[in-house]
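These notes concern the structure reproduced below.
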Ligand SMILES: *Cc1c(COP(=O)(O)O)cnc(C)c1O
């Protein structure tokens with residue numbers, strides 16, 4: 001049976017169910033599979049033509065032991081998870097007219113219209129499946145830069161075995177994103193708007209980790225995590241790399257390039273693992289905005305936490321790409337001791353320079369860029385004007401990187417991941433387009449509905465977050481669980 005271990009090497013190996021329900025490993029590391037499954041070209045050829053859900057079933061089956069989730073159960077979970085997606089293909093690919101062999105992977109047709117739906121649809125339904133079987137209840141806390149929150153809230157809403165606490169930095173996400181969280185009326189969903197976060201979403205993560213470290217509190221509320229610390233998110237996100245690849249290639253075996261708008265490196269970590277498993281990806285492009293942490297890692301070998309910039313692509317205003325550690329673990333032959341030293345040292349100092357050998361090893365197959373807001377907005381306008389296709393700011397960051405890196409990328413087909421629907425960012429779209437008007441592509445029915453609902457939200461100041469949230473969570477727990 002495939003087991004999971006911490007990338008920092010501490011603790012025992014655990015089975016899949018434990019890895020999913022724990023979120024974090026006991027030593028604060030990230031769970032990784034002991035072995036990455038390998039996929040041959042013959043296997044890939046057999047998968048060409050499969051729909052997204054059927055392909056997901058094949059890939060997830062490599063990680064999930066049948067004694068833990070049976071074939072029928074896995075099929076059921078996947079079917080339930082992806083039923084609310086708007087497009088039959090789940091993840092359509094749009095071929096750009098003005099760029100040769102370039103496809104936009106539209107990851108935003110889930111119910112909260114961002115790529116977070118893709119991972120969380122599966123993970124939340126899987127967690128719920130385990131909880132129902134164990135007759136247990138669990139509380140999750142997530143911090144959001146605008147998209148994790150709505151997706152977690154949507155998929156957890158009404159599930160009686162889960163309470164979801166969804167923290168967002170007030171004023172640093174769009175009103176549309178905020179309303180996606182605050183207008184759900186379900187008793188088990190608790191949005192928390194936090195004012196005055198100096199470092200945006202990263203601040204919230206810092207408080208959340210204190211909660212996980214508080215053993216008494218963690219046990220009382222049965223706390224877990226569904227952010228991209230959770231292996232289930234990363235595992236699920238490998239699927240769209242395989243799916244996109246199989247959709248665009250003429251012949252299985254040819255290489256393609258993929259560009260990913262990135263913040264926490266969760267999506268890219270999945271891409272890098274897909275490649276390690278055998279998917280023929282030539283380059284993965286880490287597309288940053290002005291918060292260029294990954295660009296520094298891949299161009300200079302420096303992992304540094306710097307002051308945050310507010311940008312037009314706010315979902316990737318993230319300072320610490322913690323899933324980089326998961327990728328690095330596999331990149332340096334699973335040397336957990338090295339990972340532990342680096343992770344601990346970074347946690348202490350916020351500053352790390354990798355030795356030359358490590359740098360050369362992990363940057364193989366990666367390119368990076370950081371786009372300015374002006375470049376991002378200009379590109380949105382260009383693509384809209386030239387072919388009436390509207391990118392959201394994150395999709396634009398991804399395409400912008402490949403324009404800059406064209407020479408290095410070469411002639412292979414290119415897939416740019418577009419991670420959000422433009423309807424989540426109407427103000428930016430208005431600013432970008434020379435018409436200064438909002439086209440219909442920048443609206444979405446789900447957002448229009450949310451605008452007409454009442455809001456239900458906890459509000460507090462960052463200074464008091466820890467105390468206020470702990471009080472709110474305990475009170476809710478005592479009231480609803482009758483303790
Ligand atoms: C979360 C998010 C990303 C970044 O994903 P990571 O896995 O953290 O790199 C990119 N774009 C959008 C719209 C997102 O919501």
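Every residue, even glycine, has its Cβ placed from backbone N, Cα and C.
Per TrEMBL, the feature domain 'Threonine synthase N-terminal' maps to 3-82.
Positions annotated as domain 'Tryptophan synthase beta chain-like PALP' by TrEMBL: 103-416.
Within the same chain, the residues at least 6 positions away from residue 116 (N6-(pyridoxal phosphate)lysine) whose Cβ sits under 8 Å from its Cβ are 110, 147, 148, 150, 151, 152, listed in sequence order. The N6-(pyridoxal phosphate)lysine annotation in TrEMBL covers 116.
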Query: For residue 116 (N6-(pyridoxal phosphate)lysine), which DSSP three-state class applies?
result: helix
Query: In the domain 'Threonine synthase N-terminal' (3-82), how many residues does DSSP put in helix, strand and coil?
result: 36 helix, 9 strand, 35 coil
